[in-house]
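Worksheet for the structure shown next.
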Amino acid sequence: MSTTTSTPLLDVRGVTMRFGGLTAVSNVDLTVGQGEIIGLIGPNGAGKTTFFNCLTGLYVPTEGTVTYRGNVLPPKPHLVTQAGIARTFQNIRLFANMTVLENVLVGRHSRTREGLFSALVRGPGYRRAEADSRAKAMELLEFVGLAAKAEHLARNLPYGEQRKLEIARALASEPGLLLLDEPTAGMNPQETRAAEELVFAIRDRGIAILVIEHDMKFIFNLCDRTAVLVQGQKIVEGDRETVQNDERVITAYLGTPLEQPTETTE
Amino acid sequence: MTVNLIRRREDLATALRALEGTVPAPLARLLTLLGSVLTIASCFLSWTWTDRFPGDLTVAGYPGGLQVLTLTAGLLLLLQTLSAYQLRGLGWLAPAGQTRALRLLALGALAVTWYTLGAISGELGGLANLEPGGFVAGIAVLPALYGTLALPGDRREATPAQARPLWQELLVIAAIAAAGLYVFTYGIETEYGELFVGFLLVIGFSAGAYAQAGLLARASALFARRRPWASAAAFLAAAAFPLTQSSEQYANLGVNILIFATVALGLNIVVGLTGLLDLGYVAFLGVGAYTAALISGSVFSPFRGAHVPFLLAALIGAAVSVVFGVLIGAPTLRLRGDYLAIVTIGFGEIFHIAVNNLDGKSGPKITNGPDGIAQIPDVSIFGFNLGSAHQLGSITIGRFANYFFLMLIVTLVVVTVFSRAGNSRIGRAWIALREDETAAEAMGINGFRTKLVAFALGASLAGLAGTVSAHVTYNVVPTPYVFAGSTAPNSAFLLAAVVLGGMGTVSGPLLGASLLYLIPEKLTFLQHYQLLAFGVALIVLMRFRPEGIVANRRRQAEFHQSDIPAQAAGSEDSVSLSQAGA
Ligand SMILES: Nc1ncnc2c1ncn2[C@@H]1O[C@H](COP(=O)(O)OP(=O)(O)OP(=O)(O)O)[C@@H](O)[C@H]1O
Ligand SMILES: [Mg+2]
């Protein structure tokens, strides 16, 4: 796919996250270029979700910087979203008691400006912005195939559709990079296939994707490059062959630790 | 816990169903019919021998007091039964099934009748004080109830409403608004506690019955479809209230209810929409009231030279409340969890103590301590003095009626602010923060700033209401502005009005506030047990209807996990003012 020679979209340098004595993420570098789909795999507890949280400002990394389009990101979730990185959550976090459409409209928060005052006055500018938001939200629901359920409560959607809605909500913030945390967890093979199609369709909209998955087939079908995280450290990164043939990846997945975990002493 | 509650509800439903089918349906229906007719007839008999029981139930041939309520319950039951007989023209009474509605109506008739008989025997000393008519009534309701319980349960789906021409729908809206006004006026005018209890019983059970019959859903769908018309009708009905009053006594009650209700609606932004627990909210009402008192030309104010026109004073009152809101909110809203509840409860107490002590002895002389600031002049807007009575044709509009109109305009402003803000980009952000703060921030919402806006807006609305309340009562004293007390407004009552009424809705807090204001006002015989009774009522309500009296479609789904798709956005706001007047 596209090359990462020029300035990458996302440039992560030396990110480390410690929780007390536990180093969940240790000195990880990663770049994502324009239009790329990058996979992030690793055994349970490897620190993948923690890494995402460091990127999106949910956690303030102990060390390291995250640069997006050449700007160092401040560790504040809403500013990260504002800058152009959107995410989904491993354990779905929808606004359960809002409708499907409202969920997506909330996703547009960072791309709209109307404050309390204009909401009270409801001038033409406000109405135009609101109508525009609704149109864009409906278009996204159309895109993920949930348009017919726009007025349903998010909590009443079946599991697979909740995942789709989370993606639509994330896309509503018009991101340049989308982080997906286990988008196919709990899905059957057909749904997983559909999710693959969806990820490609998102990439075709010019959005780069960084995806965490346990389903290897899914990862290798989709990703231009895959990074492997084991005990907080990135041990390999590369294409399918590189990753699949790597000794350390095999041992990691078989469950025997490669070496003593590098934990800082307290 | 929610699951547990749901299971309990089902247990209750099964218990009620035990009698189902014990007699054939036609017989059951006949029993209901006979029971209701007999109940109605009994209201024309004498129930007791002495007029010492309020309302005079001794006259045969002319129902009085609580008999009228039994009569009403009996008539509603009869009407519904006739509709169950598929009498022409009554089919509209049950779009979603008859049986549950019939059961609730029969239960209501039983409740009000037995309550009356119990009150008579209790107050006069024994059953011996009942005349035969009383026994007839007490027994007549039994076959009616048995009949409804034996009827087969509802099976059919709610039939969808047909679209009707505009004029017909407007007629229905007008009728609903008029009925709401009538019910509200009746409730406010009840002269003794027993009558008010009877009133609550009849209203409660019939409202439940019509909800079960699907009529309320129809009405709110209609109101949503004809939103502007419905709002206008509701506003007109509310505005007609003081015109129905010949004395000032109940108009005064009406003003106080409106003040309390608008403050509850302001709190609903903070608690219901944004999910921030504010336990000291009444202090913002106090800030507004004291600000207005200080700058409106009272001779007891240290700034007695300043007599700011009311409209400006109202703005200043709201602005000062906002300042206090931001001062409290800014340090606490950054934190997650229960810090806000603790800080607000502290602020409420500090406010109360501070105004008690700024009396020239323990501190600078500003508020005169417990004596308060008295002799606040009446409001005068563009030369129109609200303090004096005015003549509108043959109707006299007294002082409280004037203030009622002023408060009605304030209510309109608050309702508009609530529904416009709630249904906008910022309102969605509030709800998102309430639902899941982490996800909301990941969607680009600045949690702190957004919550601060909600907090400040809530404070400003309370402050605005406070400026009016200072003028209505002529004086402001520290006593109402406490965390908990036995009369409205206090922070606990405000919170209860929101939770009881229905969080996140417009009509819920208005309704809840009306009830919470009227109950302590009317049921003076409860006296010291008021808070206890109030607690029991809260527990009962939370047990059977945790989403509050008026359910927000969101909360409804939360507690009852129905799979019904939500109605078109905004429909929960639609009942709005009609119930403000109801
Ligand atoms: N807030 C926290 N405080 C302390 N420890 C944490 C915290 N968040 C994560 N951890 C720890 O960091 C390690 C990495 O967890 P993380 O959730 O990132 O793993 P993961 O790779 O996403 O695993 P999975 O595949 O199961 O989702 C775990 O040992 C976890 O217990
Ligand atoms: Mg994870």
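Numbers here mean position along the shown chain, with the first residue as 1.
In case you wondered, yes, glycine gets a Cβ from its N, Cα and C as well.
TrEMBL labels come from automatic prediction, so no person has curated them.
In TrEMBL this protein carries:
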TRANSMEM  B:27-47  transmembrane segment
TRANSMEM  B:59-79  transmembrane segment
TRANSMEM  B:132-149  transmembrane segment
TRANSMEM  B:170-189  transmembrane segment
TRANSMEM  B:195-217  transmembrane segment
TRANSMEM  B:253-274  transmembrane segment
TRANSMEM  B:281-300  transmembrane segment
TRANSMEM  B:306-327  transmembrane segment
TRANSMEM  B:400-418  transmembrane segment
TRANSMEM  B:452-472  transmembrane segment
TRANSMEM  B:492-519  transmembrane segment
TRANSMEM  B:526-544  transmembrane segment
REGION    B:562-582  region 'Disordered'
COMPBIAS  B:573-582  compositional bias 'Polar residues'
### Message
With Cβ-Cβ distances below 8 Å as the criterion, list the same-chain residues six or more beyond the ends of the transmembrane segment (B:306-327) that contact it, or say none.
### Response
283-284, 287-289, 291-292, 294-297, 347, 377, 379-381, 452, 455-456, 458-464, 466-468, 471
### Message
With Cβ-Cβ distances below 8 Å as the criterion, list the same-chain residues six or more beyond the ends of the transmembrane segment (B:27-47) that contact it, or say none.
### Response
57-63, 67-68, 70-71, 73-75, 77-78, 81-82, 84-85, 102, 106, 109, 113, 116-117, 120, 130-134, 136-137, 140-148, 150-151
## Note on the structure
Spatial neighbours of the transmembrane segment (B:195-217) not adjacent in sequence (6+ beyond its ends, CB under 8 Å) are 54-55, 65-66, 69-70, 72-73, 76, 80, 93-98, 100-105, 107-109, 111-112, 115-116, 119, 158, 183, 186-187, 518-519, 522-523
### Task
Flag the pair the transmembrane segment (B:253-274) / the transmembrane segment (B:400-418) as in contact if three or more Cβ pairs fall under 8 Å (sequence separation 6 or more).
yes
## Note on the structure
Between the transmembrane segment (B:452-472) and the stretches B:59-79, B:281-300, B:400-418, B:492-519, the largest tally of CB pairs under 8 Å belongs to B:281-300
#### Entry: Remote residues contacting the transmembrane segment (B:170-189) - C-beta distance under 8 A, at least 6 residues beyond either end
196, 199-200, 203, 219, 222-223, 226, 229-230, 233-234, 236-238, 240-241, 244-245, 250, 253-254, 257, 514, 518, 578-579, 581-582
### Task
Using a Cβ-Cβ cut-off of under 8 Å, list the residues of the same chain that are 6+ residues beyond the ends of the transmembrane segment (B:400-418) and lie near it.
235, 238-239, 241-243, 245, 248, 251-252, 254-255, 258-259, 261-262, 265-266, 268-269, 379, 381, 386-387, 390, 457, 461, 464-465, 468, 471-472, 506, 576-577, 580
